[in-house]
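What TrEMBL says about this one:
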type: DOMAIN; residues: 10-37; note: domain 'C2H2-type'
type: DOMAIN; residues: 38-65; note: domain 'C2H2-type'
């Protein structure tokens with residue numbers, strides 16, 4: 001890890017952003033590729049990052065009962 005030295009050895013070849021960890025570079029590359037591999041099981045909305053999916057799940061599932069997958073017709 002290079003946090004204490006300030007070194008950022010992992011560079012994006014598309015925009016020249018630099019990262020301390022390879023994981024952060026890999027996550028950043030999804031910005032350019034548009035890849036969204038993490039999907040909400042309830043509404044099928046997709047996200048590029050797991051933290052964004054988890055935040056969405058709290059909102060998506062928090063406002064509806066667990067078995068409220070059926071559509072209410074009025």
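Yeah, the Cβs are placed from backbone N, Cα and C, and that goes for glycine too.
What you see is a predicted model, and the numbers here were worked out from it, not measured in a lab.
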Composition by DSSP (helix, strand, coil) of residues within the domain 'C2H2-type' (38-65): 13 helix, 4 strand, 11 coil
Composition by DSSP (helix, strand, coil) of residues within the domain 'C2H2-type' (10-37): 12 helix, 4 strand, 12 coil
